[in-house]
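One structure below.
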Amino acid sequence: MRPEVEQELAHTLLVELLAYQFASPVRWIETQDVILAEQRTERIVEIGPADTLGGMARRTLASKYEAYDAATSVQRQILCYNKDAKEIYYDVDPVEEEPEATEPAPSATPAAPAAAPAAGAPPPPPSAGPAASVEDIPVTAVDILRTLVAQKLKKSLADVPLSKAIKDLVGGKSTLQNEILGDLGKEFGSTPEKPEDVPLDELGASMQATFNGQLGKQSSSLIARMVSSKMPGGFNITSVRKYLETRWGLGSGRQDGVLLLALTMEPAARLGSEVDAKAYLDDVTNKYAASAGVNLSAPVAGGDSGGAGGGMVMDPAAIDALTKDQRALFKQQLEIIARYLKMDLRGGEKAHVISQETQKALQAQLDLWQAEHGDFYASGIEPSFDQLKARVYDSSWNWARQDALSMYYDIIFGRLQVVDREIVSQCIRIMNRSNPLLLDFMQYHIDNCPTERGETYQLAKELGQQLIENCREVLEVAPVYKDVAVPTGPQTTIDARGNISYKETPRTSARKLEHYVKHMAEGGPISEYSNRTKVQNDLKSVYKLIRKQHRLSKSSQLQFDALYKDVVHALGMNESQIIPQENGHSKKGGRSAAKRNTPTRPGKVETIPFLHLKKKTEHGWDYNKKLTGIYLNVTESAAKDGLSFQGKNVLMTGAGAGSIGAEVLQGLISGGAQVIVTTSRFSREVTEYYQAMYARYGARGSQLVVVPFNQGSKQDVEALVEYIYDTKKGLGWDLDFVVPFAAIPENGREIDSIDSKSELAHRIMLTNLLRLLGSVKTQKQAHGFETRPAQVILPLSPNHGTFGNDGLYSESKLALETLFNRWYSENWGHYLTICGAVIGWTRGTGLMSGNNMVAEGVEKLGVRTFSQQEMAFNLLGLMSPAIVNLCQLDPVFADLNGGLQFIPDLKGLMTKLRTDIMETSDVRQAVMKETAIEHNIVNGEDSGVLYKKVIAEPRANIKFEFPNLPDWEKEVKPLNENLKGMVNLDKVVVVTGFSEVGPWGNSRTRWEMESKGKFSLEGCVEMAWIMGLIKHHNGPLKGQAYSGWVDAKTGEPVDDKDVKPKYEKHILEHTGIRLIEPELFKGYDPKKKQLLQEIVIQEDLEPFEASKETAEEFKREHGDKVEIFEIPESGEYTVRLCKGATMLIPKALQFDRLVAGQVPTGWDASRYGIPDDIISQVDPVTLFVLVCTAEAMLSAGVTDPYEFYKYVHLSEVGNCIGSGIGGTHRLRGMYKDRFLDKPLQKDILQESFINTMSAWVNMLLLSSTGPIKTPVGCCATAVESVDIGYETIVEGKARVCFVGGFDDFQEEGSYEFANMKATSNAEDEFAHGRTPQEMSRPTTTTRAGFMESQGCGMQLIMTAQLALDMGVPIHGIIALTTTATDKIGRSVRSVPAPGQGVLTTARENPGKFPSPLLDIKYRRRQLDLRKKQINEWQEAELLYLQEEAEAMKAQSDETFNEAEYMQERAQHIEREAIRQEKDAQYSLGNNFWKQDSRIAPLRGAMATWGLTVDDIDVASFHGTSTVANDKNESDVICQQMKHLGRSKGNAVMGIFQKYLTGHPKGAAGAWMFNGCLQVLDSGLVPGNRNADNVDKVMEKFDYIVYPSRSIQTDGVKAFSVTSFGFGQKGAQVIGIHPKYLYATLDQAQYEAYKTKVEARQKKAYRYFHNGLINNSIFVAKSKAPYEDEQQSKVFLNPDYRVSVDKKTSELKFSTTAPEAKQSESTRQTLESLAKANATENSKIGVDVEHIDSVNIENETFVERNFTQSEQDYCRKAASPQSSFAGRWSAKEAVFKSLGVSSKGAGAALKDIEIGVDANGAPVVNLHGAAAAAAKQAGVKQVSVSISHSDSQAVAVAVSQF
């Protein structure tokens, strides 16, 4: 074959191969799957210049095959020819064998093994000599070039291929490219032209010619900086080079190569020691050797060969002998110097001996104390009282309104349907808090209750009115404790399976407390006795003594008197005599024993009540009928009418959850008492328990104070009482009651096991209880309170050792009874009165709950056990005035034992009852098991599956919901009559999407926490994904296919239902407001806040080493205060700072702002899909903004931002996102890190600008040319942004805008806010017992500054018309936005002004009568009139059009195109008519109130939608938790409402979101706005859960209610958001429910929109889930939607729109310019006019009608004006409304063309019928009067044409004569 043929064939083959290569897909994924999965290849070698495919294979293995390989024991090796040559060829360096350890060579050390090329070598042994030198080669230009590029890109050398140019490597980042080129210029002096376009290898080769082989300025500077910042102190550049030379034998050129490589492997932080530094250098050196192909040898060892530098081993003894004299000399010198300085060198040892002796003595005392008291006692007496931690609850006025509102909605939603005990109880609680504010509030809601909505509303109105009347009656009456709950009894059941269950069931015999009191008074059979029997028996003894009296001495006379007294006592039912008579000889108590001892005639039978009082007699405490009667009367009265404790001060201990004391406490605060209650377990949970109790039960005038307290501590006892009586620093109370119920259990301790806990319990229940009373007595005496003794309710017990096994419990209780005698014998009776209460069996308490199961059996014996409510009722009865008065005369002993004392051997009885129950249970369980076994044998093992209980656990269903669309008939249609067509939708601004990044993740997860206080399962899954705890896996896992969530750390599969239990604790700990986590803020720890302090050096310092450049800089700064000298060996310099030089020394300040709201730990922008190179370049807040933008669009259902350009031009998408500060991390770097000379990116300045974040949004997502406005309003930025965006859209400058705000948390801002005293001091808060989550408490009494936070919030807003056209969801209407400043600051120049300027939103000066413009019906009449005028103008213009064309034709040349002129003019007329109509809508609908001093902006904005100021249901407050802001802001809102005439009692519900999120500054208003949009959609108003006690100052703001819990309403119409920022920024936004927008449409338009929204929601749902799975919620755009050559055309033509490219399926602008829109309706109209003008003897009639002007819902109108055939035709049309309008227009046009006289505007047009011919064209048929009039006028024929546009119908009729 000839050469030329071969050459041709070769060329053809090459072309074909290349074509095949380029045309075919690469299919790397499939290729790798074949190699790795099917072939299971273990060794892969890449041949090529760089490790490209190998890197790809490694990533694939890590993501897909790592677990698979581990399970199948496959070990793979990925090698690359350019760096793994030795491994590929198995060319391993030989290793010398070490001599055996048993025969060491004394003269030589073993040679160190040769280091593997890629492994870090250990430090050399001390005796090792220098390594063999390696041939030195200087670095090349390409080495430096590649290193500088890699270092700037933060990549390894392997990731910077030499075949690529700088332009390719930077990925289009021009700033980064400029930095690299600048570095190259600094390094090499000059560079070739356009070096960025030249591949690195070629660029390096071109610069090699002029390269001198030395490191340049840039590389030297980078190396010097790396060494100084990352090497340990003292290990300088000289040390580094010396080590590389001695350890590895590298010359200066090779050293340069190693150091260049080190620049791309720089440690993350400074290395800790020289050993670490050497290990790091060894690692770098080995990698350098591998890449350079250098064989490094180990250091040469010294030995017999006497190699150069060999080491010598010396005998340690010889060294010791050699240095002995030196050490002795040093010691002598030290002693001489010590004597001179008069120092005792042994002083420390002497002091140590003395301290040891003292320590032994002290330890002996401690050991003795410990041995005597024990550990439990020692820890149990530690004081815990701290008045700083006191919680004061007294805002009953606010909770009353909250409870009333909740009750109102409970009735409306059917949760309360009948007036049961619970409703009555709620009503009583509300009545107890009755006040004028509450009455007005309730009256408004009842007066405006829409009863037409259903029965529940009617019920709410009826019950509400009754409650109002009841509240009015008790307005001046003291609050009372009145329990209306049904008394309950114990019930224990055992089911067929043997399961024991206990519950409280209503007692059938006692339906209310009145019945309960009656039963208690009646007693029972067990407490019966016969008084006649006792009298008879005693009289027998008397008679016997009388008969013997003459033989008795005087002592017998005394015995007679005693017996006589016993008879008297018997007549008074002396209990002490009854018990031995009935129970003395038998263990069986009750009726039977009594019967056996009575005669045939038992006499009168009486009973002792179950609750009774005793009186002290010589025989002890005896039942007293009179006192008992007083007590029972009191309890009966309390059950009927209640019991008041108004004005009483009470001290309670032992009132924990589930205790009797807690129930007593509820009764006291229900009755209006002021109570201080103590808790030994002070925590947030405990204070929340008491706060919830007060919010529920606290009556008017009541107060609850909760303090930490340990009754085991004497110090606490004294401090507590002092706090109560201290008028300056304490409460300043005088106690009326002391209820010391504190106790600890001692179960299981018999007499031989009295331990440390028993002693502590005895101390608590006896010793310190007496101390407590003594302290009260002391304080009363000190303050002179002798006439107001405090009643002490002593908690006595019937257990006097009866039960046993309870340590010193019974002794403690029994010893309290001594107080009955001490009251007489001691001198404190004027200050304290005693009422001992023997507390009976109370079910459910901590002490007795274990006995609940036997309570029913015990009651069957005729005694009574009590519920906690019943026992509390009994005790509260003892605190009634009547019993208090008795106590002031004598101590009172109350037996509340329920008859238990009549049961002998109670413990044995309980044991038998418990045994019987357990035996029954065991038998039934055994029977059930046997039955199951038998069933399985007979029917098979699986036969019982259908009968087993299976709990179905719900799976996570992460929804992506759009706002609920209202029902047309129920919600929209009632509004449609007034609102239809009343606004210009192009001037209405709506919110179509919103998003946020904040401490609680995103807007969805934040709303869950805000509205419900907890995360759902779905919320936990999303939060776990956000925090990087889980990730989605789709592929093989452990040898099986798996698709689902896996743990991000372990890779273990995680079922979605397990996410909440597994991760929720971690999620809650690392979200929200919490202690600052240093890892989120580059190590910032407020406990060690770094500051710099300048000092002047007093002595010359030791020299250190630096580069020449650095040394010269030191010299330049310090002058003669510094000495620098060159080191000849290395070219480095030594630097010595001399006396007088200044230094900045770091110091650590313990800063007190330790808490902040922080984004969730683990939040990572890359998880959303943002590329790593963007993350590394931009400020963190930019990432917040980018994520928010993507999520806001997704919230609007927009999955591709270029979709906007299908509907609007590029110039109509705007960005108004702003910030208070901007990129704080970059600002910090620019000012602080640059000052510290830390390495920073060169373009850091641009990343700090506030508008840079918006620029990134446009560069990566939007590619728009619309308006960009960047508000800076500090804390009000987000609302100011909404204001700017709103105005931008209304002014027509944009149709779509992104609005919102962002800000970060940074230590500098935190410090300066603290200096202003604006933020919450965490140390103070901790001292007050607050947790981080409680530190932001808006509106509370204890609010103490705002809590900083970080994040971004955003909304996507657009015109309503565009939203309807696109079919995006509408979350709300923006009705009004305003901003305002404040007054002059001359007296107090305060930048954070009080915000009163926002009052101007309500500015108006109305006349005597309201403006008619506020009446929407008036405005509709005006609009209809204006529309009629516009129609008439349009008709006239169309009629004149032919004449105008003729005139133009006469004036123009022959080229004049009449048809085109007519078309354009007709289109202009149509556009102008539409414009005029929209202007009319705008002026009479949207804008009528502007510039009118009689109408406030707020009132006008509401009236636009047919609403009033009364329809603002919710106000979201800036609410920063500062003392001034919360008060001022409430005042502003309240004044606005009052000025605008809001109805009395109509209080808005306040939302204070910052309790949860903290204050993010710029993002604050956006988060609040998002929350309000969620309120609009759900109707649920979230409460301020940290509002434990609303400040009393807020009570005067009667137009605001401050909820602390979420309230589900029946719908919210409108909301207000207020925001205030430093710099006198005040802002307010009014938002309205979107149903009012839908009411401006007709039903067909609404249904069409609804269909589009539903389709968009499905698309968004799919995109969202794909984003979670694939980390692709954010997808950056790589290019604009147009080609470069199209740019100017697209920019300059406003009609350009994108369309889907059929090849790429991308949205792009077409290469052809858009054609002018031709209106078909205009064309038809012109044709009709032309025909009419061409016809002689004719008359034209033109009519224009708005499509929605014909009311086809009015059947009378349709019947009068349309024939049946017309009606049938129109109703079958696609749009009946348009068809009817067209027919009506045609009728009007025909009438005008006839030229006959009119019968008036109300005349029917049925006689003019518009039919259709065979082709569907309209035909005129005249009937009746119309036909007669036409005939009379000489009309021969009438024709008509009808055309439609989007909004109107045009008809042209021609009558021929």
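Glycine too: its Cβ is placed from the backbone N, Cα and C atoms.
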Item to check | Per Swiss-Prot, the range holding region 'Disordered', considering 96-132, 1465-1501, 1650-1686, 1724-1760 | outcome: 96-132
Checklist outcome for this item: Per DSSP (helix/strand/coil reduction), CYS1275 (active site, for beta-ketoacyl synthase activity) sits in helix
Next on the checklist: I'd like the Cβ neighbour count for CYS1275 (active site, for beta-ketoacyl synthase activity), meaning other Cβ atoms within 10 Å of its Cβ, all protein chains included.
Outcome noted: 28
Checklist outcome for this item: Same-chain residues at least 6 positions away from HIS1559 (active site, for beta-ketoacyl synthase activity) with a Cβ under 8 Å from its Cβ, in sequence order, are GLY1157, CYS1275, SER1336, PHE1346, MET1347, GLU1348, SER1349, THR1520, SER1521
Item to check | Assigned conformation of HIS1559 (active site, for beta-ketoacyl synthase activity) - DSSP reduced to three states | outcome: strand
Checklist outcome for this item: For HIS1518 (active site, for beta-ketoacyl synthase activity), the number of neighbouring Cβ atoms whose distance to its own Cβ is within 10 Å equals 31
